[in-house]
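Below is one structure, written out as structure tokens, with a few remarks after it.
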Amino acid sequence: MRRTLALLLLALPASAQDRRSGFEDMARETQAMQRDDMQNPGMLWVAEGEERFNRDCTSCHTEASMRGVAARYPAWDEATGAPIDLAGRISACVERHQRATPPARESQALLALTAYVAHQSRGLPISRPTDPRLAPALAQGRALYGERRGQLDLSCVQCHDDNAGRRLAGSVIPQAHPTGYPLYRLEWQGLGSLQRRLRGCMTGVRSEPFAYGAAEYVALEIFLNDRAAGMAIETPAVRP
Amino acid sequence: MAILALLLLIPSARADEAPLTATPGDATRGRAIVADRTRGLCLLCHSGPIPEERFQGNLAPPLDGAGLRWTAAELRLRLVDGKRLNPDSIMPSYYRTEGLHRVAPAQRGRPILAAQEIEDVIAYLLTLREEPPR
């Protein structure tokens, strides 16, 4: 019986067997910091985002209507005919509907609003990107994930699939599930986006990162969400 | 003629016999390069008998005993372009600038280590003649 079970488990794709959030590999103190909203530094951005939302966004949106939104992004943007991530959507909303200058990528204002909106989906499962219009970007994301790059000639797969759980110097290599963005990194001493994190890996292998907002990052995010579909959103997560 | 040229381009499959420089490698300098995680990068993936570097990786075999397992020529091949032995290896090719994708501008056209540094690292690795602690 046990043997049959083991065989059944082996037959499942690796992703269904033992996907783990980077949260599980953190020190207990860092986990406690994320769990406790009074200690979680990311909640400062969420609070700022809430203020901005209540000031600038409530003529169209309600807090309740934001629940589940982050779980469905990146999504298809009719206006540009391209996929758009959550920060891009918020930025576009400011530009199109408030007729204001859109906040820059990685600016305090955009991080705060994105963290606030994503926080409304905390605990909800990441949706699988099933919109057929996202299929080309999903395929592009998968290809980018498998592509070797940089002077060190490494792909995402080689660390985050083939060697996840092993140690790169002192750090456990995570499986790269984007469950908690934007998130607070102790290394950054601040909140940052998935794009910032992806850039970190790209410069780590000594490759030229794509510019903030590039379609390649959105494609990678769609692929990563497909890979992490069903895992719970943690925003704002804390990571070492 | 073209075939001859091609044959000359095919690298030796097992070892690079010729040192990259006329100056023999210096094991002390080599150790410093191996220990430096922004120069040699070795300890990000390997462990080795360098106790002052506390955080060592475990993605790759320990460097301990490298001097028992390999000759200088075999080490040279593995450092210069180990992908000639195993194209799927995660080990970067330390002395290859071709066939790479989206290299950052600061590193474009430059190998990870200079020729003399590679000879220094080889000299150091040859001194590692004890198997890793169990």
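Cβ from N, Cα, C; glycine included.
Just so you know, TrEMBL annotations are computer predictions that nobody has curated.
Since the structure is predicted, the reported quantities are computational estimates derived from the model, not experimental observations.
Taken straight from TrEMBL:
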ACT_SITE  A:Cys201  active site, cysteine persulfide intermediate
BINDING   A:Cys57, A:Cys60, A:His61, A:Cys93  heme c 1 binding site
BINDING   A:Cys156, A:Cys159, A:His160, A:Cys201  heme c 2 binding site
BINDING   A:Arg197  substrate binding site
DOMAIN    A:53-126  domain 'Cytochrome c'
DOMAIN    A:140-233  domain 'Cytochrome c'
SIGNAL    A:1-16  signal peptide
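Recorded features from TrEMBL, shown on the structure.
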{"residue": "A:Cys57", "record": "heme c 1 binding site", "DSSP (3 states)": "coil"}
{"residue": "A:Cys93", "record": "heme c 1 binding site", "DSSP (3 states)": "helix"}
{"residue": "A:Cys156", "record": "heme c 2 binding site", "DSSP (3 states)": "helix"}
{"residue": "A:Arg197", "record": "substrate binding site", "DSSP (3 states)": "helix"}
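Per DSSP, the secondary structure of the domain 'Cytochrome c' (A:140-233) breaks down as 36 helix, 14 strand, 44 coil. Shown are the binding-site residues A:Cys60, A:Cys156, A:Cys159; of these, the residue with the fewest other Cβ atoms within 10 Å is A:Cys60.
The shortest Cα-Cα distance between A:Cys159 (heme c 2 binding site) and any of the binding-site residues A:Cys57, A:Cys93, A:Arg197 is the one to A:Arg197. Note on the domain 'Cytochrome c' (A:53-126): mean pLDDT across this stretch is 97. Highlighted in sequence order, A:Phe53, A:Asp56, A:Thr58, A:Ser59, A:His97 have their Cβ within 8 Å of the centre of the Cβ atoms of A:Cys57, A:Cys60, A:His61, A:Cys93, the residues recorded for heme c 1, and are not part of that set. Close to the recorded heme c 2 site, the chain also has A:Tyr145, A:Leu154, A:Ser155, A:Val157, A:Gln158, A:Asp161, A:Ile173, A:Ala176: residues not among A:Cys156, A:Cys159, A:His160, A:Cys201 whose Cβ is within 8 Å of the site's Cβ mean position. For the recorded positions A:Cys57, A:Cys93, A:Cys201, the ranking by surrounding Cβ atoms (within 10 Å, all protein chains) places A:Cys57 first. Comparing CA positions across the recorded positions A:Cys60, A:Cys93, A:Arg197, A:Cys201, the one lying closest to A:His160 (heme c 2 binding site) turns out to be A:Cys201. Taken over all pairs of the listed heme c 1-binding residues (A:Cys57, A:Cys60, A:His61, A:Cys93), the Cα spread reaches a maximum of 11 Å, rounded to the nearest whole number. In sequence order, A:Phe53 are the residues of the chain that are 6 or more apart from A:His61 (heme c 1 binding site) and have a CB within less than 8 Å of its CB.
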